[in-house]
Amino acid sequence: ADGNFDVQYITNAIVNYAGKVTWFPPAIYKSACKINIEHFPFDEQNCKMKFGPWSHDSSKINMTCDRTIVDQEDYWPNGEWEIMESPGQANIVAYPCCPDEYYADVTYRFILHRKPLFYVVTLVVPCLLISFLTILVFYLPSDAQEKVTLSVSILLALIVFLLLIPNLIPPTSTTLPLIGRYMLFTMVLVTLSITITVVVINIHFRTSSTHVMPMWSRVVFLKFLPKLLCIKRPMQEKGSKKKYRALKKVKPPFSSIFTSISSVFKKEKEDEKPSTYVLESITPSLLEEIESRDREFDESLGGKPLQQDCMEIIDNIEVIVKHMQAEDEMEEISDDWKFMATVIDRLFLWVFTITCLSGTFGIILRAPMLWEAPDHHPVENYTRPTVVENQSYDELVALGKVKEGLYD
């Protein structure tokens with residue numbers, strides 16, 4: 001408490017006919033209180049003020065409690081704290097320094113309830129919104145490099161809010177405030193999201209030339225988890241269908257001639273059958289076109305046979321087809337890695353959603369003030385002091401430590 005106990009204003013004392021003196025000296029006393037910030041900003045504080053003499057024991061000065069509740073008629077409401085209860089009681093205390101002497105005092109307890117609206121608007125709600133932004137990191141496409149940027153931005157925002165807490169609450173190392181625990185929980189989530197995002201991006205850009213997908217990964221991430229997470233993979237077209245679709249883009253006359261000639265001469269080359277097979281496979285209309293094309297090629301190539309040109313074309317086409325097949329295989333492997341990254345993103349989207357919701361309700365809603373009635377600490381309506389040594393007033397009289405009739 002503040003060491004200045006002098007009365008600054010002189011007031012008159014009222015003496016009645018029975019010798020009772022009434023004196024109301026105006027004074028302002030300051031007292032220190034141990035603060036428990038475990039549930040900040042939804043906390044309650046229990047502070048007490050003890051009034052009693054140090055130089056006179058209870059045999060010389062008697063102190064009684066006429067009111068068990070502090071008179072708040074002249075109390076000016078505070079914008080941050082609300083007095084829920086202010087019970088008071090009289091006590092007789094035996095201190096270790098003077099075990100044979102008992103001192104009387106009157107102790108008032110103030111149950112203070114913090115008004116949390118300011119802190120909810122400036123701290124709790126922004127932290128809740130920032131923590132739920134972590135979930136959106138896994139909703140971005142797996143090939144977006146902005147995923148890491150978003151995660152780092154969320155982490156920086158949390159650090160800024162964490163730096164504001166020491167300016168709003170008294171510094172103490174006895175306990176960690178509720179809002180601080182929630183920020184640390186969110187910071188751990190954001191740090192994990194950054195780590196997982198880096199891994200997902202690495203998986204997304206893997207290729208067949210750099211990594212080989214293990215069989216267990218293929219079973220877990222490409223077959224089991226997609227069914228569990230309700231992810232349907234788009235149907236992939238086979239390589240032959242892609243080539244057939246590419247051939248359809250060629251002009252119809254040349255395409256039909258080209259495919260017919262290719263099949264005819266390739267068959268003749270492989271089976272080494274007589275030319276009767278060629279004649280049976282070529283229709284009259286196609287034969288006329290082949291002859292006209294043959295004359296054109298002979299004129300342009302200086303009389304080079306058409307069959308030799310077609311065989312060279314077929315060989316080149318085989319090389320192209322093999323190259324396209326290799327590209328298709330590489331593309332399929334790359335698509336597997338991309339789909340695996342998408343599955344991991346969706347998996348952690350649900351994991352972080354459940355973790356964020358459960359952590360929010362598990363930390364914020366732990367404050368007793370949100371669920372329980374205020375701790376009023378009611379006291380009985382009496383004026384006789386309570387002996388701290390667990391001895392009754394009659395026992396003290398019998399022991400001769402207190403004069404009989406002192407508190408009557």
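Yeah, the Cβs are placed from backbone N, Cα and C, and that goes for glycine too.
Sorting the domain 'Neurotransmitter-gated ion-channel ligand-binding' (1-116) by DSSP state (H, G, I as helix; E, B as strand; all else coil) yields 0 helix, 37 strand, 79 coil. The domain 'Neurotransmitter-gated ion-channel ligand-binding' annotation in TrEMBL covers 1-116.
Summarising the annotation, TrEMBL assigns domain 'Neurotransmitter-gated ion-channel transmembrane' to 123-363.
Under the heading transmembrane segment, TrEMBL lists 117-140 (among others).
Long-range contacts of the transmembrane segment (152-170) within its own chain (CB-CB distance under 8 A, at least 6 residues past either end) are made by residues 35, 37, 40, 119, 123, 126-127, 130, 133-134, 137, 177, 179-180, 183-184, 186-187, 190-191, 193-194. Residues or ranges marked as transmembrane segment by TrEMBL: 152-170 (among others).
What TrEMBL records for 182-203 (among others) is transmembrane segment. Counting same-chain residues at least six beyond the ends of the transmembrane segment (182-203), those with a Cβ under 8 angstroms from any Cβ of the stretch are 127, 130-131, 134, 137-138, 142-143, 145, 147-148, 151-152, 154-155, 158-159, 161-162, 165, 176, 337, 340-341, 344-345, 348, 352, 355-356, 359-360, 363-364.
Positions annotated as transmembrane segment by TrEMBL: 347-365 (among others).
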